[in-house]
Amino acid sequence: MHRFAKPSVFLKLTDPLLPWLSGATAILIAAGLYFALFASPGDYQQGDTVRIMYLHVPAAWMGLFCYVGMAVCGAMSLIWKHPLADICARATAPIGATFTALCLITGSLWGEPMWGTWWVWDARLTSMLILLFLYLGYIALVNAFDDPERGSKAGSALALVGAVNVPIVKFSVDWWNTLHQPASIVRMDGPTVDPSMQLPLALMILGFTCYYFVMLILRVRLELNERRIRALQLSGMFDERSPGQNTDTPSYDAGHNAEASQ
Amino acid sequence: MNGFLAILQRDLRLALRQGADSVMVVAFFIVTTTLFPFGVGPEANILARIASGVIWVSALLAAMLSLERVFQTDYEDGTLELLTLSPVSLELLVLGKVCAHWLTTGLPLIIAAPLMAVMLNMDQDGFVTLMLAMLLGTPALSLIGAIGAALILGARRGGVLVSLLVLPLYIPVLIFGAGAVEAALLGISATAQLQIMAAILLIALAATPFATAHAVRQAME
């Protein structure tokens with residue numbers, strides 16, 4: 001695993017991956033949207049409003065997925081001091097926060113016609129809102145220190161502590177009597193969603209997941225570039241004429257080493 | 001254990017000699033609670049309805065605002081560094097500091113709570129449950145809050161930050177604390193809520209000292 005700790009190795013691995021992932025994202029989301037909006041039936045009760053589900057459910061899934069990813073990265077960075085895990089956790093937070101917010105917004109848009117209210121204080125909605133607060137707290141904490149290293153470490157600890165909320169979100173609909181419907185996709189006796197709706201839902205979930213990985217790679221690259229620039233500036237090697245040089249030169253390691261040796 | 005008692009004694013003595021801190025927390029609690037009758041109007045039955053929630057929220061905020069005291073001054077004058085270097089386990093020392101924090105903030109809040117309950121016209125049936133719930137809840141607040149207090153050591157604008165970190169984690173205590181009082185007011189047994197609060201306290205007692213000590217060590221690196 002530590003082979004991947006080197007930024008240049010990460011870039012070498014993700015460089016060929018990125019176009020494929022981007023392509024997959026575009027195709028999956030386009031196909032998912034087509035099936036979701038045109039080629040799937042409306043609900044027998046909800047009519048066309050049910051199509052909000054195809055955004056809402058994947059967004060909720062990504063909100064949780066990103067948090068788990070962030071907590072795992074946090075654990076990796078605390079246990080093995082893996083430098084890329086730190087960066088991945090930082091890069092994941094804003095993406096996860098956006099998905100969580102998207103989930104809450106689509107949820108309330110869906111709730112208005114179906115439940116007759118934008119918001120209810122029931123367990124699922126509230127725990128999701130807390131998840132958003134945890135994301136925001138993490139982002140604020142990570143950026144509150146002059147030393148980014150210290151910020152990442154404090155953030156990792158917070159991400160792990162906040163992970164207690166994830167099972168609460170997942171099982172809130174089973175533990176409490178809520179307005180929100182119980183689990184209907186991941187359950188012991190198979191999904192209760194109609195097969196015609198499963199296809200667009202699966203496409204959208206896969207598409208959102210791919211989108212996350214594309215964004216993750218881009219954000220990690222951005223962070224690596226920023227670190228490299230900082231390192232070069234600090235070591236006095238920064239040259240005005242070549243900022244943002246092509247991204248695959250081996251000087252990443254030079255930048256990284258310079259940073260490590262400070 | 002000696003280390004635990006020594007740090008507890010030291011923090012208590014500091015709090016007593018510097019005096020005003022505990023009083024300020026209680027004063028904050030009382031002032032915040034007093035704001036609600038102005039905000040929602042003085043009708044007695046409305047106030048009675050919201051009393052338990054108002055008292056819990058004010059207690060939560062008071063406990064949170066006093067968190068800075070747990071580590072910040074020791075961090076600034078270097079005491080914390082010596083504590084991390086000492087042969088006594090840091091987890092135990094952290095627990096001692098949290099105990100001192102609870103004794104100087106949580107306990108006064110519990111004593112002040114019935115007073116505010118009277119002023120908010122809360123039914124007397126809820127008083128015992130309110131105090132029991134706060135007895136179980138406020139130590140959990142101190143334990144959980146200490147993590148946040150340790151995480152923000154050395155951060156810019158730590159005071160605002162700690163609220164963003166700690167308040168979401170306080171929500172379970174708030175839910176079951178207010179729920180217990182609510183149940184007692186309705187004449188239902190509040191045992192279930194109190195048991196859950198006891199469970200939260202025990203989990204916090206077992207787990208948070210490690211997280212807090214870890215955060216303190218990070219701040220010292």
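Residue positions begin at 1 at the first shown residue.
From the backbone N, Cα and C atoms, a Cβ is placed for every residue, glycine too.
The following features are taken from TrEMBL:
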{"type": "TRANSMEM", "residues": "B:20-40", "note": "transmembrane segment"}
{"type": "TRANSMEM", "residues": "B:46-67", "note": "transmembrane segment"}
{"type": "TRANSMEM", "residues": "B:99-120", "note": "transmembrane segment"}
{"type": "TRANSMEM", "residues": "B:126-153", "note": "transmembrane segment"}
{"type": "TRANSMEM", "residues": "B:160-188", "note": "transmembrane segment"}
{"type": "TRANSMEM", "residues": "B:194-216", "note": "transmembrane segment"}
Distal contacts, the transmembrane segment (B:46-67) - CB-CB under 8 A, six or more residues away: 21, 24-26, 28-29, 32-33, 36-37, 40, 101, 104-106, 109, 113, 116-117, 120-123, 126, 130, 134, 137-138, 141-142, 145-146, 148-149, 162-163, 166-167, 170, 173-174, 177-178, 181-182, 185
Cβ contacts under 8 Å made by the transmembrane segment (B:126-153) with residues that lie 6+ beyond its boundaries: 51-52, 55-56, 59-60, 63-64, 67-68, 70-72, 75, 80, 94, 97-99, 101-102, 105-107, 109-110, 113-114, 117, 161-162, 165-166, 169-170, 173, 176-177, 180-181, 183-185, 190, 193-194, 197-198, 200-201, 204-205, 208-209, 211-213, 215-216, 219
Spatial neighbours of the transmembrane segment (B:20-40) far in sequence, C-beta under 8 Å, 6+ residues away: 46-47, 50, 54-55, 57-59, 61-63, 65-66, 69, 104-105, 108-109, 112, 115-116, 119-120
